[in-house]
Amino acid sequence: MEEEEYEQIPQENPPEELSQDPVLELSGGLREKEQKTPRRLRLILMGKTGSGKSATGNSILGRDVFESKLSTRPVTKTSQRRSREWAGKELEVIDTPNILSPQVSPEVADAICQAIVLSAPGPHAVLLVTQLGRFTDEDQQVVRRLQEVFGVGVLGHTILVFTRKEDLAGGSLEDYVRETNNQALAWLDVTLARRHCGFNNRAQGEEQEAQLRELMEKVEAIMWENEGDYYSNKAYQYTQQNFRLKELQERQVSQGQGSEDVPGEESWLEGLSQIQKESEEAHRCLLGKADL
């Protein structure tokens, strides 16, 4: 894996009245720090079957690369990663199958590990996709599973993405979220610091580009809040360590300095599976019997 590349964001002198902004004060004086933003951004799509993950990934990429169709059964079978250049950055988009299903099976466990490998060393943003007007008990279970699988801290890197934005019929998404009587949705929006945006996945041209710009503003906000860092946990750290070890061993072999007896992929994937299993058990214990 390549090291993260960063670009420096020049600091401007803000207007005097902004010096009293309580949000900036609580964030630790971001204006006083030299901020970093990575050139390569990893965005991983999460959500229940039928939420529109793959279609949203296609909208972000500006082309149809992930299979997407209306179906009650999962269309995406395995995690996939595709990328595009946008505004001087490389956006890596990882589409996932229903890895947050409450029915954990060996197949789901393997799919989780595959998603971790594809998004290593960690995602800069998790895009939690849900259909407008359809935030149900199943979505609440997805939110809980997201925390069980990746850790409670993952919500600090999560953006709520509503699909079928066109159903607002010209109305405001802000008004919809603010006025919702769905308490679980309202709680989640507040927990995510109101990081939400909407996608009409049939949009083209400027409308599609405007949606992406809005999403990337939310991603940029996450980068500021986390000083440019991606999300990581034990499973991601283990994966990255193995990537680096493999690269080092391959380099030594090519230079005639090492042994060709490199541990196989199956061996370290078994280790990843065990670490992930233990992490999920710990996260589940931490969450206890909370509502989400």
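Including glycine, each Cβ sits where the backbone N, Cα and C put it.
Record features, source Swiss-Prot:
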REGION    1-39  region 'Disordered'
DOMAIN    38-240  domain 'AIG1-type G'
BINDING   Gly47, Lys48, Thr49, Gly50, Ser51, Gly52, Lys53, Ser54, Ala55, Ser68, Arg164, Lys165, Glu166, Asn201  GTP binding site
REGION    250-275  region 'Disordered'
Reported mean pLDDT - the domain 'AIG1-type G' (38-240): 94
Arg164 (GTP binding site) in three-state DSSP notation: coil
Cβ neighbour count within 10 Å of Gly47 (GTP binding site): 24
Thr49 (GTP binding site), number of other Cβ atoms within 10 Å: 17
Cβ atoms near Arg164 (GTP binding site) (within 10 Å, other residues, all chains): 19
Protein Cβ atoms within 10 Å of Ser51 (GTP binding site), excluding its own: 25
Other C-beta atoms that fall within 10 angstroms of the C-beta of Ala55 (GTP binding site): 25
The one of Lys53, Glu166 whose CB sees the fewest other CB atoms within 10 Å, among these binding-site residues: Glu166
